[in-house]
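Student: Okay, handing you the structure first.
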Amino acid sequence: MAEGGASKGEEPEKLPGLAEDEPQVLHGTGHCKWFNVRMGFGFISMISREGNPLDIPVDVFVHQSKLFMEGFRSLKEGEPVEFTFKKSPKGLESIRVTGPGGSPCLGSERRPKGKTLQKRKPKGDRCYNCGGLDHHAKECSLPPQPKKCHYCQSIMHMVANCPHKLAAQLPASSQGRQEAESQPCSSAAPREVGGGHGCTVLFPQEVKSEMAEHSDRSPQEVSSTKAFAAIGEQNKKGPLIQKRKKT
């Protein structure tokens, strides 16, 4: 019987290397040093280990999966915590983190900013494959379509020969011509034609020929032409002067 009792009291032999392979779990207290809510990890500043205060705080790594709390898991900077940790090749890592007395952690008020997909604003351009407005040709789900005009979507011609595009451009060009014709002539040497309001631009050759004509004329002819020109100007100014007097 004594031998049996002695056999029961003996401790079972431990496997060699088991105690060395298993990391020792320790208990510590401290506060959150910093925590990145977007990446989900941070560090705890441990000020007490196994109930013994530390002269210099020690950093302990903490991951959001080790936090004891509901909802979005995070830590607020300076938040007091209690935790168990172990030694790893990378340093000290927390195993389970709670609030004081085993209560749930409070967590941070910050939330990671989600990646919002910016919707492309419609710019009026079409898909060159199907003509749709909500996508480009590289995003088109249809097989390659026959080539067609990008302006009117017709397969009978290309945009360079599109009659609809040419018809839309003609009114704009004719309007530009009308505006050019309605503007007064701003030439440095205007010539009055038949007493009207139109004018023509004298090119260098015309100026030379006109100067030659004046040189061939006699002084009497030149004076007579000046007199006719003065009479014409008075006739033009006459009605304007009468209208001003009536008003």
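Glycine is no exception: its Cβ is also placed from the backbone N, Cα and C atoms.
So Swiss-Prot lists these for the protein:
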REGION    1-22  region 'Disordered'
MOD_RES   Ser94  phosphoserine
REGION    96-124  region 'Disordered'
MOD_RES   Ser103  phosphoserine
MOD_RES   Ser108  phosphoserine
COMPBIAS  112-123  compositional bias 'Basic residues'
ZN_FING   125-142  zinc finger
BINDING   Cys127, Cys130, His135, Cys140  Zn(2+) 1 binding site
ZN_FING   147-164  zinc finger
REGION    173-247  region 'Disordered'
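Give me the structural setting of these features: burial, nearby parts and distances.
Tutor: According to DSSP, Ser94 (phosphoserine) is assigned to a strand segment. Within 10 Å of the C-beta of Ser94 (phosphoserine) we count 20 further C-beta atoms, all protein chains included.
Shown in sequence order, the list is empty: the chain has no residue 6+ apart in sequence with a C-beta less than 8 angstroms from the C-beta of Ser103 (phosphoserine).
Under the DSSP three-state reduction, Ser108 (phosphoserine) is assigned to coil, being neither helix nor strand. In sequence order, Phe35, Val37, Ser74, Leu75, Lys76, Glu77 are the residues of the chain that are 6 or more apart from Ser108 (phosphoserine) and have a CB within less than 8 Å of its CB.
Long-range neighbours of the zinc finger (125-142) within the same chain, counting only residues 6 or more positions beyond its ends whose Cβ lies under 8 Å from a Cβ of the stretch, are 148, 150, 153.
In the three-state DSSP scheme, Cys140 (Zn(2+) 1 binding site) is classed as coil. Close to Cys140 (Zn(2+) 1 binding site) in the fold, though at least 6 residues off in sequence, lie Cys127, Asn129, Cys130, Gly132, each with a CB less than 8 Å from its CB.
Secondary structure counts, DSSP: the zinc finger (147-164) has 5 helix, 0 strand, 13 coil.
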Student: Tally every other Cβ atom lying within 10 Å of the Cβ atom of His135 (Zn(2+) 1 binding site).
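Tutor: Neighbour count, Cβ to Cβ under the 10 Å cut-off: 14.
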Student: Using C-alpha atoms only, work out the spacing between His135 (Zn(2+) 1 binding site) and Ser94 (phosphoserine) and round it to an integer in Å.
Tutor: 50
